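Note sheet for the following structure.
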């Protein structure tokens with residue numbers, strides 16, 4: 001038996017190594033400034049899937065475009081089908097006879113060629129059927145109007161791929177990076193019919209930048225402030241920008257109109273600026289000038305200082321209120337005792353009435369039984385008279401009627417205990433002690449007063465101490481928001 005238990009323990013210790021210890025993980029897809037977590041996937045569950053909104057992807061790519069002056073997906077007047085180009089597969093050169101053609105050089109004449117064209121030939125963008133790798137084993141996708149479903153094998157998580165539009169003359173619009181990661185506690189919200197709301201949950205680099213900025217702000221205030229970050233819509237987001245960096249003229253398409261823009265000419269960040277802010281139109285634009293940083297609204301509040309403790313005498317009002325409370329309790333107890341006494345007498349009278357009603361019902365029941373016996377005798381006599389005609393019922397040509405009188409309800413009524421025994425009065429204790437009614441009530445009142453006195457002696461000091469500290473707790477320090485017009 002001992003050898004069996006030892007073998008079983010060793011098996012459970014090495015079982016995770018044999019079967020594989022796959023912690024919950026996923027594949028994170030990064031587009032521009034936002035990250036999208038796939039459904040749970042690992043080597044044991046190798047399919048990583050996403051459901052993406054093409055308009056949201058365009059907004060992500062526009063905030064941090066890999067190429068200047070790209071035509072966004074939202075600018076199209078019709079829905080075109082897409083091509084998915086994995087970067088771990090080299091495109092075949094079909095020499096102009098198939099899906100991809102090196103002779104079609106118009107898309108490659110752009111200053112920023114198609115993403116991945118450094119190692120590939122340029123893709124063909126004519127009207128063709130399904131792309132070559134739409135149904136590959138490692139990656140496949142389906143497109144439903146403005147929504148995209150991508151399935152990726154976990155072994156290929158860590159590579160990048162491109163999405164292009166099947167329309168001549170349009171630029172590539174999406175460059176997707178993937179990397180393995182752990183599942184977040186809650187998925188970032190993806191709101192439909194909105195271009196930028198999904199970046200309310202920043203990706204991991206954005207969170208680290210925000211924490212670094214908060215750390216820098218606290219250092220500048222000698223850690224005497226509390227930082228509060230508000231979750232709000234993008235219309236209330238703030239922008240921190242450097243007026244020393246010029247914006248190219250004319251500016252590109254406006255992407256975001258913040259509610260507040262703070263210039264920071266003397267602020268040195270531990271990281272680079274991420275976006276381009278145009279002060280003339282008060283908007284984030286698509287130009288790659290990198291002079292601003294988008295932040296959720298946050299406020300600085302002074303840290304409250306602890307006041308000195310002062311010992312005070314207990315106010316007279318506290319003693320007065322305590323005495324009034326004890327007097328009210330004693331008066332209430334006496335009134336309750338008198339009410340209980342009158343209630344007991346009332347129960348006794350009601351019990352007598354119920355007993356008399358029960359006796360009357362029993363007598364009526366006995367009379368009913370005698371009447372039933374008399375009717376049965378008459379029935380038997382009439383049946384003998386009409387014996388030749390088959391009995392009384394056949395002679396009258398009617399259905400025979402019988403009496404069914406039960407004694408169960410009357411017996412239950414007689415067996416019920418007295419009403420005084422069924423209703424709890426006083427404390428619910430059966431203590432007669434050979435005393436009269438008023439003596440028992442006085443004894444209960446005395447025990448109640450002693451219990452209240454012990455409760456006041458035990459809990460009184462604690463209650464008085466809490467009441468003494470109550471005025472100091474009511475006075476809260478005043479918190480003021482950061483001045484929007486002050487320079488950082």
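Along the chain as shown, the residues are counted starting at 1.
Cβ atoms are placed via backbone N, Cα and C, with glycine included.
Of all ranges given (393-401, 402-410, 411-419, 420-428), Swiss-Prot attaches the label motif 'CX6CC' to 393-401. Range 376-392 is the one annotated as region 'Immunosuppression', of 376-392, 444-460, 461-477 (source: Swiss-Prot). Per Swiss-Prot, the listed range annotated as region 'Fusion peptide' is 313-333 (candidates: 292-312, 313-333, 334-354). Range 225-228 is the one annotated as motif 'CXXC', of 221-224, 225-228, 229-232, 233-236 (source: Swiss-Prot).
Per-residue pLDDT, averaged along the coiled coil (341-387), amounts to 79 for this model.
When Cβ neighbours within 10 Å are tallied across all protein chains shown, the highest count among the glycosylation sites 140, 244, 272 belongs to 140. Note on residue 462 (S-palmitoyl cysteine): other Cβ atoms within 10 Å of its Cβ, all shown chains, come to 9. A distance of 14 Å separates the Cα atom of residue 244 (N-linked glycosylation site) from that of residue 272 (N-linked glycosylation site).
Spacing of residue 272 (N-linked glycosylation site) relative to residue 462 (S-palmitoyl cysteine) is 57 Å (Cα to Cα, whole number).
Between the CA atoms of residue 140 (N-linked glycosylation site) and residue 462 (S-palmitoyl cysteine) there is a gap of 70 Å.
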